[in-house]
Amino acid sequence: MRGCLQSVRLLTTALGQSPRRPLPFAFRLPPNASRLFSTCASRAAATAKKPPSELEERILAIPIERYRNFCIVAHVDHGKSTLSDRLLELTGTIEPGSNKQVLDKLDVERERGITVKAQTCTMLYNHKGDDYLLHLVDTPGHVDFRAEVSRSYASCGGALLLVDASQGVQAQTVANFYLAFAQGLELVPVINKVDLPSADPKRALEQMETTFELDTDKAVLVSAKTGLNVQQLLPTIVEQIPAPIGDHTKPLRVLLVDSWYDTYKGVILLIRVFDGSVKAGDQLVSFATQKKYIVGEVGIMYPNQTAQSVLRAGQVGYVYFNPGMKKSQEAKIGDTLTKVGSEKLVKPLPGFEEPKAMVFVAAYPVHADDFPHLEDSINQLLLNDRSITVKKESSEALGAGFRLGFLGTLHCSVFQDRLQQEHGANIIITPPSVPCKVLWNSGEETVITSPVDFPDGDSNRMKVKEFQEPYVLTTLTFPHEYLGKVIELCEGNRGEQVSLEFFTASQVILKYQLPLAQLVDDFFGKLKGLTKGYASLDYEESGWRKSNVVKLKLLVNKMPVDAVSRVVHISQVPRLGKQWVTKFKEHVDRQMFEIVIQAAIGNKIVARETIKPYRKDVLAKLHASDVTRRKKLLERQKEGRKKLQAVGNVVIEHKAFQAFLSK
């Protein structure tokens, strides 16, 4: 301890001494030693004053006219992330073969071959002697992440419209094309996977021409996997995609494209600078939350975070604050940021909207002791995904848990995978359900996300004017030979046909209005089964409609099992009721008394199964001729069972719920 105090005194004396006076020990502190004890803010300022690197000098020398911001529009699994890797290799951003799916950071993205979070990467490309700054934004392809897709498109000036040569145009290609078209992006047709034996580039080009009315003469045919013709894409990007419009002399205007959480830096924002410039030390304000932040660092993704002294109009990069933004809920996708004092000089960028949860599940730990771990795991994942809604709830059967809201079924499935892979959570998940709107006689409206809140008693039903459920406009693409089966599936799920179009001799685009509740009930799995995996699906919200929905309950010896209840359409009740009681019977152990399993809506029983009790042979020691004694013992056994059934609790193991709730 005495030695430590002496060292501290020596350091303190050294820092206070004049530089001319020699130090009392051999080690001489550098002139800027006081920075070792400086605050984070001064450290950020010091970072900003560092001399620019060779990379930064090249970037600063490039005018906005030689910027190109682009993304890749594609259906799931058409090779978007692989093509991104090839472009990064060709521009020298990464070493050839050094990584795969560089822009897919999550384990679940690499395993499923999908993109969940929007990512970006900056590339430098020399074309005809001039340096060009290319910003590639890798966007999710699935409908559940449409908010991230549309915000990413808003930060771009053009897009590569990527189509698989063997599969052709698919549902999400169509949906994402219209999103890109609505943003006014310049589209470059690209046919991928031309090296496959099943590839038919000519058919894919015809589909693009007839479906999107694009000039396919300039289309580029590539194989992202082998690198075939990918080098032709870079000159095409430079020549066909326009430069971003912006002025670095105007007041700062920044679009928030995405965000992620860092343990040390807090929330890091992915931004597109539309006007002005931003650097460390600037104070920014959010139009959505009105909160103010001091910039700690700005930089580009090259492909990892690479600090820069400034981000100028037209650039896509990252920013984090000091002190850091601690809550990801403050980072709202589509929000506009500007410098403090410029709020009245800048109009917020259009298109900002809060993401709405449309699919809800309940999550419970398999063991009650794991609840704190589950809560901590969910909170950590929420740091990177602000679109999930969380509410604590309790079930008599399963204990404490959470009601979670997601953008869609894939979003829910990805979240569940991340809970298990990244945090080792062992959980029970209820089947997905959708919100229900209640219009009361008083004129009020209530959106119900949990079956517990559904007004199913007679007194409550009297106060209800009507129930409504959400509908979606569904776009399905598939080979024409499956048309009859697909129409039958849609009609069987309460669908209403909107349009039918043959966009090639063999492919059909079918549009249906469907209840969202039917869509989340494994509709896509049934569609894939009917079409042997050749169908694709996309959907968009289509408002609320009046509906005859009821709360279906599961009763065990007349006691409701709250964790299993669901709000369903009246037409599904007979099928689901019978399915429930039959399946639940398989997983409940026999008891010493009779167990009655029932499915009910209100006071009406719609299905029933019975589990017989264990039978004790009370007549084993009796003589065959003792009839009165026989009757007496059987009557006493019968009364005992009734009494046991009245006071006994049915023991239902967690594994029974796990098996029942699994598909």
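Keep in mind that glycine also has a Cβ here, set from the backbone N, Cα and C atoms.
Copied over from Swiss-Prot, here are the features:
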type	residues	note
BINDING	74-81, 138-142, 192-195	GTP binding site
DOMAIN	65-245	domain 'tr-type G'
TRANSIT	1-37	transit peptide
Task: For LYS80 (GTP binding site), the three-state class that DSSP assigns - done: helix
Task: Number of other Cβ atoms within 10 Å of the Cβ of ALA74 (GTP binding site) across all protein chains - done: 27
Task: Neighbour tally for ASP77 (GTP binding site), based on other Cβ positions within 10 Å of its Cβ - done: 15
Open item on the list: Counting across all protein chains present, how many other Cβ atoms fall within 10 Å of the Cβ of LYS80 (GTP binding site)?
Closed with: 27
